[in-house]
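Worksheet for the structure shown next.
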């Protein structure tokens, strides 16, 4: 994807066809460049409340050495995230939503929505932090405005001059009022906010000039007690840390409730380096996103990091540690020539940042809602160009709730967790896209590597756990719950995310590693090709027999494996292609409804035989080709006089034999149980020919299903002599034991088979089959005599040995009688599929098969292929 490409649909629910409509030209919106569009917003968000009223305190608590480490540690995280953000942002056009849009399009809707909602909460809570900072600064600058204030006279057990500080109730009252006023401004729209935004930058720059001027001009005891001026003694005294307990307001107190450590300071300071997403949040209003976002964001990150590092050295050298820890507004105390400008700068910068948070958070929530992933967010949708009023109300409600807490130091770690989750998501997105290196991954920003993104993501996670295990677990649990909710309740969509590319590459590598050689029996999985086209017609809008998917699931262990559902449409491909697409969509819906792991394929062919012959030759890749053909037995062919079925049925079986595919034919599919219908009794196997153990394996797979777990397996074998029965039984038992299969073995000798009386219904079916075969053979002979041709059947010459036909019928009669004698009450019966005899008409083979399945309610006719699917060895 490049910057010149047509923008993708805004949500996966949108249509894929692009239409061109004539409409009135829209006015071109004013676009921002790198400086005002990215650099200044990032600078305003990064340089905020923490620097003015907490940074000098952090230097006093951590010391100069660990403060430098703290700045470098947190700055490295945002720097690496900026590199990842630059790569993703320059890989194509960006739409609304900022980091949510980037993460969602890279890691998928579920991850995007979960991290996007957490980032929304982080922005909403950050608004409360900025409001509290502005109110606290105002109350310190104008003590008379405080309704309730409290005085501190002792620090670490030592009497000091009285220190007044804002009370919690003052912060709550003023904070709620300010939040409401800001919300009124937000309702005025983005235009009003953009008009006043430059005014916020001037006081910030001027206050910084005053602060550094005051530091350079400070002398011992001037302008306040505890100020030493730039002194090497102060530098040495303040080099090491002084971690201790403090009150909730940060005043040192040996009985305080809060103990500060490096980890806790990471949580307090990290919001001071956030704000790197401010430029990407304004991507829609930038002239050139692929140039402005990398340059502007990286410039702001490096500028503020350098400022913090220099400030650590200056603050640590200009005042005593007690001054750093007790004077929370040291920046105002030391500023020259106008200390009051620092208060103005703090208030305006924090109010501006709060305004940006209350403006950006609702738009982020509206962008998530507009993607139509979660129905519960539909209330926050907005039309293009509209203002997200409902989302703004919701954001204000969250912000006011955090303001009521009234403790800036408790709110900061919460914001940190949500921001770190977002940064980790951006880094993981770039890591995945870089590692996969799909053809569409062509970012204009070249200074990136997957290892840097991985380090950035790991650094985010490490910082989260360093700050607080509790907050980390809660934030990850919240993101996981949102992810789970989206995956369950969200609407399906495909944004071409990196996970899909990863699945594709993993599938390719796995396919290559499997090779083309035969899979070892220990690694053999059934890959059934389910032949959905019925013998006859299904009701309208029913793409497949309702029980075929239930049977396909019975061929898998614990649902693992893939099924291919295939159907054939007669006709010309060019004429029926749209019908094929509609049928494929309908069949896919059926598979999803039946919760069967599989894919749907529709083939257009002149007839069923030609279509199936093409499928059995070409379907699948390498060792992922289907190895079992599953179809329904054509029980209706004679009842509905479908005379074309025998030739088609025999042709399909012969094609499977030639292609070396196993065959499973289901008789009695209408009565096949679903997962809720429990079966009792036995699963009887009439193991007549060697099939590589397929019949045994399928019976074991049936036992793993809830519907058949109460059944027992019986294996029936046929011995030539009575004397061979016991030896055969022992051999089969030993074989089954080595295969780890439990089954009862029953041996029937040929002598007892010949001597047993046939079942009456079998004799009746046998006589009827004899009559129909004789009639069909007579018609063939008459036609041959009349046309002066050899005997013809199914369009080809045949040689009919009437004694052989009689033998086939008699053998089938004996097998059917045996099944009815021993397995009339069985839950399901397995029997080997006899191959179609050469030169026999297909009509004759259907008569053999009809006689075999006669009066057996539920029968699986199985034929293996030239390889073993079970093994004796570990």
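We count from 1, first residue shown onward.
Just so it is clear, glycine is given a Cβ too, placed from its N, Cα and C backbone atoms.
Per TrEMBL, these features apply:
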- 37-505: domain 'Amino acid permease/ SLC12A' (DOMAIN)
- 546-667: domain 'SLC12A transporter C-terminal' (DOMAIN)
- 678-873: domain 'SLC12A transporter C-terminal' (DOMAIN)
- 34-55: transmembrane segment (TRANSMEM)
- 67-90: transmembrane segment (TRANSMEM)
- 111-132: transmembrane segment (TRANSMEM)
- 171-190: transmembrane segment (TRANSMEM)
- 197-218: transmembrane segment (TRANSMEM)
- 258-280: transmembrane segment (TRANSMEM)
- 292-314: transmembrane segment (TRANSMEM)
- 334-355: transmembrane segment (TRANSMEM)
- 390-411: transmembrane segment (TRANSMEM)
- 417-436: transmembrane segment (TRANSMEM)
- 457-486: transmembrane segment (TRANSMEM)
Report, as numbers and ranges, which residues of the same chain sit near the transmembrane segment (34-55): CB under 8 Å and 6 or more residues beyond its ends.
-> 129-130, 133-134, 136-137, 197-198, 200-201, 204, 207-208, 268-269, 271-276, 278-279, 281-282, 285-287, 291-293, 295-297, 299-301, 303-304, 307-308, 311, 315, 328-329, 331-332, 342, 345-346, 349-350, 352-353, 356, 408, 412
Taking contact to mean three or more C-beta pairs under 8 angstroms, with sequence separation of 6 or more, is the transmembrane segment (111-132) in contact with the transmembrane segment (334-355)?
-> yes
May I have the DSSP-based helix, strand and coil counts for the residues of the domain 'SLC12A transporter C-terminal' (546-667)?
-> 56 helix, 29 strand, 37 coil
Restricting to the same chain and to residues at least six past its boundaries, which positions have a Cβ under 8 Å from a Cβ of the transmembrane segment (417-436)?
-> 77-78, 80-81, 83-85, 87-88, 91, 99, 102-103, 106-107, 111, 115, 118-119, 121-122, 125, 270-271, 274, 277, 448-450, 453-454, 456-457, 460-461, 463-464, 467-468, 471-472, 474-476, 479, 498-499, 501-502, 505
Could you please provide the mean pLDDT value for the domain 'SLC12A transporter C-terminal' (678-873)?
-> 82
Could you give the residue numbers and ranges of same-chain residues that sit at least 6 residues beyond the transmembrane segment (258-280) on either side and whose C-beta is under 8 angstroms from one of its C-beta atoms?
-> 37-39, 41-42, 44-46, 48, 50-51, 54-55, 58, 61-62, 66, 70-71, 73-75, 77-78, 81-82, 85, 89, 94, 98-99, 102, 126, 129, 241, 243-248, 286, 292-293, 296-297, 300-301, 304-305, 308, 353, 356, 360, 409, 412-413, 415-416, 419-420, 422, 463, 466-468, 471
Spatial neighbours of the transmembrane segment (67-90) not adjacent in sequence (6+ beyond its ends, CB under 8 Å) are 3, 58-59, 99, 102, 106, 262, 265-266, 269-270, 272-274, 276-277, 280, 283, 289-290, 293-294, 297-298, 301-302, 305, 308-309, 312, 316, 420, 423, 426-427, 429-431, 433-434, 443-445, 447-448, 452-453, 455-456, 459-460, 463
